[in-house]
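**Q** The feature ADP binding site is assigned by TrEMBL to 14, 18, 272, 316, 417, 421. Look at TrEMBL and you will find 14, 84, 85, 138, 250 tagged as sn-glycerol 3-phosphate binding site. Look at TrEMBL and you will find 14, 15, 16, 272, 316, 320, 417 tagged as ATP binding site. According to TrEMBL, the glycerol binding site annotation covers 84, 85, 138, 250, 251. What TrEMBL lists as domain 'Carbohydrate kinase FGGY N-terminal' is 6-257. Positions annotated as domain 'Carbohydrate kinase FGGY C-terminal' by TrEMBL: 267-456.
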Ligand code: ADP
């Protein structure tokens with residue numbers, strides 16, 4: 001092999017930027033990480049400063065290279081993975097963002113969504129049939145419209161062709177490849193499939209939907225595959241002349257890093273929220289059970305691979321709520337100890353519908369509930385109920401996937417911070433009734449982006465290398481009484497219904 005022995009993955013996440021150097025066996029050599037500010041101007045609004053994101057990205061690239069003791073000559077390529085849907089609009093002549101990035105969790109676009117969905121005689125279904133996504137606060141399109149409607153002069157500048165839109169991957173790659181000095185304005189099919197603007201079958205922007213949202217098509221990046229050379233690191237940068245050769249949205253990257261290449265393979269990432277993706281092969285499957293249809297990956301000019309996705313908004317963040325709002329624990333891992341002071345949930349269920357429920361319910365108006373309380377219930381039971389909520393929500397999504405695909409899943413590959421919780425992982429296996437498996441390399445998101453980039457430049461030959469490098473760390477087999485587990489799940493489903501429509505129609509975020 002040449003001196004280029006490493007791949008660098010840049011993971012521009014929701015709370016921090018990370019850069020990870022991987023070797024040819026897919027092992028982590030060094031990590032750089034830096035958090036950036038969560039800007040919360042109002043209840044329900046979440047923003048990032050795009051300039052701060054780029055500062056953090058450049059910083060962590062430097063950190064990772066220094067820690068690995070290498071320079072860019074030893075990198076075969078760079079891959080990028082990112083928080084999806086998050087929307088940046090910037091001026092192509094100055095490189096300056098016209099507004100902060102509006103983050104995927106942001107709920108400010110409710111009125112825009114109501115207005116556009118309301119005027120559509122086919123309702124929300126039309127958008128789903130074309131893009132695979134529901135019209136909601138979640139995708140990028142309403143966020144772009146909000147910026148064009150609310151930032152002084154933005155619409156005129158956009159119509160004059162001066163403004164560019166990008167999800168976080170586009171913003172990062174445009175800057176890495178030179179910005180105003182020749183930066184490439186691209187995105188990949190996985191990120192484009194989160195905007196509500198792409199035809200999920202054709203992989204092209206839909207002019208009619210752009211028109212619905214008043215978005216000039218001149219703003220949009222070119223849609224590329226997930227694995228090809230998009231451009232090279234800019235002059236005077238740390239990555240000068242290094243091919244930028246992979247882009248995958250974070251959840252698709254984790255699916256790739258977990259080697260979910262066969263139709264029916266499923267992974268779940270347990271972080272702030274939970275994101276379950278099932279590879280459905282080269283044809284898109286349109287859900288009858290509340291799941292999104294999304295692009296899983298596309299390697300160069302090979303066929304597009306699709307996925308069904310179920311996103312759960314609140315998982316690890318419920319643990320944080322127990323820590324920060326109720327102060328029942330001092331750190332997230334302590335929840336396990338507390339939960340293990342009791343045998344079961346004592347009859348208590350917590351449904352964390354803090355800002356509505358995503359898949360498979362899609363209830364914007366739902367709000368959280370704690371049900372089944374008796375004089376008997378103590379802190380341990382509540383800790384247990386918090387842990388169980390994540391497993392039940394995952395079972396909701398897996399059940400929807402089984403129904404849509406007609407073939408029950410046979411195992412669940414897992415990653416993310418909450419997989420350190422043994423009690424949760426065991427209960428998850430009991431609930432879904434199949435083995436739950438965690439890989440040795442926990443950094444599956446960055447790893448997926450590294451593989452996409454490495455495959456593009458021939459550093460790895462294809463999916464088989466990913467499969468060969470994937471190794472199991474730990475496995476939880478389903479245990480316990482199936483009937484009892486099902487009874488608990490029926491109680492959970494009943495608890496979920498208690499979060500619907502219980503308050504006045506206009507709940508404000
Ligand atoms: P993200 O990438 O979304 O920031 P991570 O994968 O880093 O998330 O996971 C962090 C989340 O996992 C936090 O919400 C935290 O509360 C939760 N978490 C971390 N360790 C544990 C644990 N041992 N048990 C339960 N939850 C945990």
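For all residues, glycine too, the Cβ spot is worked out from N, Cα and C.
Fair warning: this is a prediction, and the values are worked out from it, not measured in the lab.
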**Q** Among 250, 251, 272, 316, 320, 421, the binding-site residues in the record, which have a C-beta under 6 A from ligand 1?
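**A** Going through 250, 251, 272, 316, 320, 421 in sequence order, those close to ligand 1 turn out to be 272, 316, 320, 421.
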**Q** Could you round the CA separation between residue 84 (sn-glycerol 3-phosphate binding site) and residue 421 (ADP binding site) to a whole angstrom and send it over?
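**A** About 26 Å separate the Cα atoms of these two residues.
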**Q** Using only the Cα atoms of 14, 18, 272, 316, 417, 421, which the record gives as binding ADP, return the largest interatomic distance in Å, rounded to a whole number.
**A** 23
**Q** Out of 16, 251, 272, which of the binding-site residues is least crowded by other Cβ atoms within 10 Å?
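**A** Counting other Cβ atoms within 10 Å of each of the binding-site residues 16, 251, 272 gives the minimum at 16.
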**Q** If the glycerol site is taken as the center of the Cβ atoms of 84, 85, 138, 250, 251, which further residues of that chain fall within 8 Å of it by their Cβ?
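**A** Other same-chain residues near the glycerol site: 83, 86, 104, 194, 249, 275, 311.
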**Q** For the ATP site given as 14, 15, 16, 272, 316, 320, 417, which other residues of the same chain have their Cβ within 8 Å of the site's Cβ centre?
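**A** Output for this site, in sequence order: 13, 271, 317.
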**Q** With an 8 Å cut-off on Cβ-Cβ distance and a minimum sequence separation of at least 6, pull the same-chain contacts of residue 320 (ATP binding site), or say none.
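**A** Residues satisfying the criterion: 332.
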**Q** How far is it from residue 18 (ADP binding site) to residue 138 (sn-glycerol 3-phosphate binding site), counting Cα to Cα, in Å?
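**A** The separation of the Cα atoms works out to 24 Å.
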**Q** Which one is it: of the binding-site residues 251, 272, 316, whose Cα lies the shortest distance from the Cα of residue 16 (ATP binding site)?
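**A** Considering only the listed binding-site residues, the nearest one is 272.
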**Q** Whole-number Å only: compute the distance from the Cα of residue 138 (sn-glycerol 3-phosphate binding site) to the Cα of residue 417 (ADP binding site).
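**A** Taking the Cα atoms only, residue 138 (sn-glycerol 3-phosphate binding site) lies 23 Å from residue 417 (ADP binding site).
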